Structures are given as structure tokens and as C-alpha cells.
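A.B. asks: Okay, handing you the structure first.
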Amino acid sequence: MGITVRNLHKRFGEFAALDDVSLDFPAGELVALLGPSGCGKTTLLRVIAGLEHADSGQVVLQGLDVASVGARERQVGFVFQHYALFRHMTVFENVAFGLRVKPRRERPSEAAIRAKVHELLSLVQLDWLAQRYPSELSGGQRQRIALARALAVEPKVLLLDEPFGALDAKVRKELRGWLRRLHDDLHISTIFVTHDQEEALEVADRIVVLNHGRVEQVGSPQAVYDHPRSAFVYEFLGAANRLDGTVSGNGFVAHGAAQAIAVDADFAGPARAYVRPHDLELAAPYARAQGIAADVRRVVRLGGSVRVELAARSGEVLEAELDRNAWRALALDVGDALTAVPRAVRVFPAR
């Protein structure tokens, strides 16, 4: 089922949680709502679910405006960050709960409920835990049970509020892949909230970047990462080096630098340039005409890669990331001088 929201506004006192938000969520897509704390992503999810009501605007499900319809009538499944399982119920009873509390005329038979629960527990690969209690499960297992419970009532839309936020990094990474595979099997329209850029880039079909209650950008993970429309999106979607300077006909000239860097810009004047650490090439001093003179300040070895912190002569602190073989070939150490050459630079007007 597709979802459309139009001109949503929601305030909490003086704080604008949603400021004229309009979005389309096509049927069958897995969409990430991504942004920093307080950007409005959870409020938007709760408004779609019917757990929160917008001050104005429309929420359209299956062609009907449901802005004034309660959560129960919207046929959405909601999974919270902190599981919300019933502690006094077994895994089986938790998953069966939504089916057993349906009105009598809609409630399946007990045999149908048992079959459905076992089907869902098999789907989340936890059928062997049916008679356990939540306190006997790991965090990752609890979250999968919470997802099975949400799916039991066959929702038209699945809404996930930072579903892996309370889990450790290793379990989060495993569950991200599992969620993507599950979605590929079920093709249920899914919207999930996250502040984890890597999670959104890895799992989602599309990403909606929010900031201060407004939509900054919508697009595929690759499009949003490679072609950010604003400095905010560039900085939020991963590690970024920032250089202040000026754009002219010759390119971008960083403050304190002698040489211009070739850039694709449709404006001139004060600017901020951004380059990813993996797009900052390191070379011997004066080896390149287009480059930034810097000194090695710190070296951090991260498994197969090396992160190099640089002190630019212009005063900025930069970060480069390269593989161990490339770093070894440079034969540099802390305190050594070098030239940092940006390979891919994005510039935005300075504000």
C-alpha cells in the first residue's frame, strides 16, 4: 500500500516538529527517515501511524485521508526501539496477542492463530524459542519477535522506530542484512526511522533526509550520497572535510592556499568545499600543482585501512582514509609534510 503525506504541520509549543512536510511512499518500498535528533523523523512516523495527530495536513492511505482516523483503523504495524514485549507472556503468546484481541467477527480460529504464529516464528528464524519468555532472549531475538508480532495482524504498512538502536554494533549489522532480506521476501511497504547513516545507506530503497522539521532531500542511497543538494546533507551522510574559501572562474581557492582546485560550480564568491576522507589523496610535498600543504598529525590504523589526521598550513584539520598498502608506500610518519590532493570536491555557497 502506498502512502502520501501532504503539507503536514506539527508543533509542540514553540517547537516545529514538522514544517510543511509532503512526501510520497510508493507501495512495496523500504524507506528510511534519516536525520539528527529533533529533526522530526519520529514525529512523522507517529503521525503516519495515528499515534500522533498533525495540526494540519493530510495522511493518505489507499486514496483515503486518514488524518482523523485512529491508529487501530489504519492497519499499520509498529515496532518500537525498546521491543515493548509483554514480559509475562511467552514468545508464542506475544506474537499471537494481536490476533487474539481482534473483534470476534474478525478473529481467526485458535488453530489458524497457532499456524500463523508458527509461520511467523519460522520466518524470523526463532520458532525454537516459542515457549521462552522475553527475559530469556537476547536483544536481537527480542527485536525479531517484536517484528513478528507486528506482522501477525497482516498490516498494510510496517513502521519501525529505530528498531536496532538499542542493540550493540555487531548485532545491529547482522539484523540490517536480515531486515533487507525479509523485506525482499514480503514486499510490504516499510518506513523506518534511523539516525545511523550507514544503516540507511545499506538497507533502504530510498532515503528521506530531514532537518528542523523539513525535508532536505529524497532519493536512492547512491543518489543522496553522491549528489547531496545541501551542505547539511553532505556533512550528515558521512565523514567530511570542510574547507572555507572562494569560488571564481579558476575554481575553488581555500583560504591560505595558492592554487585553485577544479570544481563544478554554478556560482562565484565565498564558498565551502567538502571532500570525503577516502577522496583525499596523499602525495609527497610539492608533488602536485593542485593540492593542500599539510603535516601528518596523527595516524590511526583500523584493520585494513588507515585514518590519517592532517594539519593544513591554512589552519584546518583534515582527515584522509586509505588502505594499508597505500599508506606503507608513502613511508610517512607523524610530523612529516605532504600534499593532500582532493579527488572529488563539492562546493556550496557560504552562509
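The backbone N, Cα and C atoms fix where each Cβ goes, and this holds for glycine too.
Annotations for this protein, taken from Swiss-Prot, read as follows:
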- 3-237: domain 'ABC transporter' (DOMAIN)
- Gly35, Pro36, Ser37, Gly38, Cys39, Gly40, Lys41, Thr42: ATP binding site (BINDING)
A.B. asks: Could you give the mean pLDDT over the domain 'ABC transporter' (3-237), rounded to a whole number?
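C.D. replies: Averaged over the domain 'ABC transporter' (3-237), per-residue pLDDT gives 89.
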A.B. asks: Through the lens of DSSP with three states only, how would you label Thr42 (ATP binding site)?
C.D. replies: helix
A.B. asks: Please give me the CB contact count at 10 A for Cys39 (ATP binding site), counting all chains in the structure.
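C.D. replies: Here the count is 24.
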A.B. asks: Counting Cβ atoms within 10 Å of each candidate's own Cβ, which of the binding-site residues Ser37, Thr42 comes out highest?
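C.D. replies: Per the Cβ count, the most surrounded site is Thr42.
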A.B. asks: By a simple count, how many Cβ atoms lie within 10 Å of the Cβ of Lys41 (ATP binding site), its own Cβ left out?
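C.D. replies: Counting Cβ neighbours of Lys41 (ATP binding site) within 10 Å gives 28.
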A.B. asks: Around the ATP site recorded as Gly35, Pro36, Ser37, Gly38, Cys39, Gly40, Lys41, Thr42, what other same-chain residues have a C-beta within 8 angstroms of the site's C-beta center?
C.D. replies: His195, Leu210, Asn211
A.B. asks: What is the one among the binding-site residues Gly35, Pro36, Gly38, Gly40 whose Cβ has the most other Cβ atoms less than or equal to 10 Å away?
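C.D. replies: Sorting the candidates by Cβ neighbours within 10 Å, the top entry is Gly35.
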